[in-house]
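Among the features that TrEMBL reports, domain 'Cation-transporting P-type ATPase N-terminal' is placed at 18-90. According to TrEMBL, the feature transmembrane segment maps to 244-266, 278-300, 647-668, 674-691, 711-732, 785-808, 820-842.
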Amino acid sequence: MASNGDISLEQIKNETVDLERIPVEEVFQQLKCTREGLTSEEGEKRLQIFGPNKLEEKEENKFLKFLGFMWNPLSWVMEAAAIMAIVLANGGGKPPDWPDFTGIVSLLFINSTISFIEENNAGNAAAALMAGLAPKTKVLRDGKWGEQEAATLVPGDVINVKLGDIIPADARLLEGDALKIDQSALTGESLPVTKNPGDEVFSGSTCKQGEIEAVVIATGVHTFFGKAAHLVDNTNNVGHFQKPLVTCICSIAVGMLIEILVMYPIQQRRYRDGIDNLLVLLIGGIPIAMPTVLSVTMAIGSHSLSQQGAITKRMTAIEEMAGMDVLCSDKTGTLTLNKLTVDKSLIEVFVSDMDADTLVLIAARASRVENQDAIDASIVGMLGDPKEARAGITEVHFLPFNPVDKRTAITYIDRNGEWHRCSKGAPEQIIELCELTGGLRQKAHHVIDSFADRGLRSLGVARQTIPEKKKECAAGPWEFVGLLPLFDPPRHDSAETIRQALDLGVNVKMITGDQLAIGKETGRRLGMGTNMYPSSSLLGQCKDEAIATIPVDELIETADGFAGVFPEHKYEIVKRLQELKHICGMTGDGVNDAPALKKADIGIAVADATDAARSASDIVLTEPGLSVIVSAVLTSRAIFQRMKNYTIYAVSITIRIVMGFMLIALIWEFDFSPFMVLIIAILNDGTIMTISKDRVKPSPTPDSWKLKEIFITGVVLGAYMAIVSVIFFWLVHDTLFFTEKFGVKPINENASELTSALYLQVSIISQALIFVTRSRSWSFVELPGLLLLGAFLAAQLVATCIAVYANWGFARIEGIGWEWAGVIWLFSIITYIPLDILKFIIRYSLTGKAWDNLLQKKAAFTTKKNYGKEAREAQWAADQRTLHGLSPPETSWTNEKDHHELSEIAEQAKKRAEIARLRELHTLKGHVESVVKLKGIDIDTIQQHYTV
């Protein structure tokens, strides 16, 4: 190591040395390191001096976070009610209403406590999982390249930066080709900038093109990003819940205004009695638990998703995942295994004096022997010894792969001192590079198409000589030497997962950079359909004549996939789908996917995605394949159902409290106790919190917030319950109906007993309403979760005991005995039954589908007709029959036979996909074994009939 006695590491930490502008060699001197990197011991020592390479996070104050749950619009209304209870209620010769004040504060405290505990637990679980996905980087330590967490980097480390990496620290570039760096997150520059050797790259920027080594000069808070960073407050986005809240508050305001206008000028009611009635509407009508229930439901749902392998970075993504009706899925690695193999028997050589082995060797020379991608690994793996790729040559320059050129190239010197260059890459790029014309071009396209028909990717290989023996000088013409067939088998579960997605109303569109024929073949194998288009034809300047007359938006909406996709195409496809009012999900793993991931309603970074893709996404998967996405869709829809069920419930309760108590107060001039409304609210909140873990059936079609249906359902159900309470009060107050029919004592002369009876009736039917709003069919058929049912029974046992035994003078109630309690329970059960019928009538009048719910239990609030599920399933089955030689059905599709036939086809598809997974090499033996396994023959009995 070079030493420098004048400058210490502490001075480097305090930024007394300008490492950004001095020559790179002086950087090594100042940092007391070499191009061979640091030792592990030195790295640990510097980590103690410079600290971890991450921004200092402000320690969250748990107490302030707890108080934050008491600071929202609904809490403000309840806090105003608490002040009203001790300020405005202080009149009429009575002291302030301390019991109501204490009850309101207790209610706020209970809601805040539950929210704090559940959200904290969910946050801790997600943070622990995200910690496992901490950014990693390649570092040169102890003379060896290795991968370690970016947080352990220190000034003096030598790192490797390649396409897709987020720069982990401020660094100076060493020798190599220029990089394209996206600094938009730091500087706002929309276009990538070019960084040459010696330039500084900033932490947080993204490598868009190229590969190079760099020496770290600043980490953590000392980086450019660290200095510019500022704390961003995390806010709970209530979004769709604002309108129901506004509806509830407006209903209460109207009710209070009517009461004030009638009670004081017309009825000449006493001041204190009027205030009590206003408090009843204010306390009972405000859905104080709404923010708590919804945030807890989201937090618990997020935790559940993380356990299934989907980490949620943005809470509202759960809502959007539930409503997703189009999923644009990356093919490689998501639908397939991303384990490419070369079929040597199908290699096509275009040079007469060359054999397949030589062609593979040339392709291997144009491949990296370390830091390999999947294609490099598959080609170098074809050699007997990977070292052969560089045996007998001296590498002068290597051009890594980038999304623009779509090829790699190497310049080298052979044993005889001659200079050569060879390249491998996308066949169209290599064909253009070699300027193929005439018969050779037609032959190349024919081979590419024949490979594609068999589901194989093509890799073009070319070579050229460099007579002047200089890296930058003009060379001879490129010679097209051959095509290599690459095979990426589908995942064993992809076909079945896609069928499940179609059944859930999610249209899966394949997005691939491969040729159109390969995309169609993969789509046919997976049952996705073959209605695919090249993205250049859809979004380029000129379109194919066959589709020229069809609008682009229509093509995009009806397409099963897109091939030959570039990064800008992915973004445009997502944008157009969104303009067509689709909720669009997009999967991706590379830096080229980041713009589309950011644009999509739900950006999904698949397992092993680059840092850039994870940064741009809303959901990060920790498990490979498409199946975890379908599982996340189902879980999101269950979460969405819980939120929607509660929202309808909250609107209904507001209407029933405001309308019911307002009519009773104005018609009979009866003053209900505000404290008893508080007891109802507290017991209701305790019960309703358990809805976040309730057993619900996910909707079979994409969900969405249909606020019109929610409001109408809430108003009708709430009005019905309000009328029921008014009728009950009339029967108890003005008649002897219950006394004559059931022999209970009359209580119409005792206001305290009337309060107890009305309290129990309101409490029972209000809480029981949740069983109606949570079910699509009859509420007694779709059983709730045990936690919700247990909470309801416990709360109503407490409510019943209060009504039977309580003699609370301050709350103006008196026990009514078990006989009256039994009568009220019977009345509540009888009046509960019409709630289900009302629910069906409302849904039928709005959608015309409610009667299906009675028998088939389909989603109620959906207006789209199954999102074309039947047509897609029929097409899927037809594709499977055509692909695998199955006979067509003798009769037309019928509902009884559909599911049986599809199940059989799905089972065969799973068998074939499992075979593809197990057969990593496309060999004669593998083909024979596949056929044997598919036909169910015992392979041991025919083992002697073939040899390989």
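Using N, Cα and C of the backbone, Cβ positions are placed for all residues, glycine too.
Contact between the transmembrane segment (820-842) and the transmembrane segment (278-300) is not supported, since fewer than 3 Cβ pairs fall under 8 Å when only residues 6 or more apart in sequence are counted. The helix, strand and coil residue counts that DSSP assigns across the domain 'Cation-transporting P-type ATPase N-terminal' (18-90) are 39 helix, 1 strand, 33 coil. On the 0 to 100 pLDDT scale, the domain 'Cation-transporting P-type ATPase N-terminal' (18-90) averages 78 in this prediction. Same-chain residues lying 6+ beyond the ends of the transmembrane segment (674-691) with a Cβ under 8 Å from its Cβ atoms: 85, 97, 99-100, 103-104, 106-107, 110-111, 114, 276, 279-280, 283-284, 288-289, 292-293, 296-297, 642, 645-646, 649, 653, 657, 661, 755, 759, 762-763, 766-767, 770, 774, 785, 787-788, 790-792, 795-796, 798-799, 802, 808, 810-811, 813. Cβ atoms under 8 Å from those of the transmembrane segment (785-808) belong to residues 675, 679-680, 683-684, 686-687, 689-691, 693-695, 756-757, 759-760, 763-764, 767-768, 770-771, 814-818, 820-821, 824-825 of the same chain, restricted to positions at least 6 beyond its ends.
Nonlocal intrachain contacts for the transmembrane segment (711-732), taken as residues 6+ away from its ends with a CB within less than 8 angstroms of a stretch CB, comprise 244, 247, 647-660, 663-664, 667-668, 670, 738, 747-748, 754, 757-758, 761-762, 765-766, 769, 772-773, 827, 831, 834-835, 838-839, 842-843, 846. Residues 241, 244, 247-248, 251-252, 254-255, 258-259, 262-263, 267, 277, 280-281, 284-287, 289-290, 677, 684, 688, 710-711, 713-715, 717-719, 721-723, 725-726, 729, 733, 758, 762, 766, 769-770, 773 of the same chain lie 6+ residues outside the transmembrane segment (647-668) yet bring a C-beta within less than 8 angstroms of a C-beta in it.
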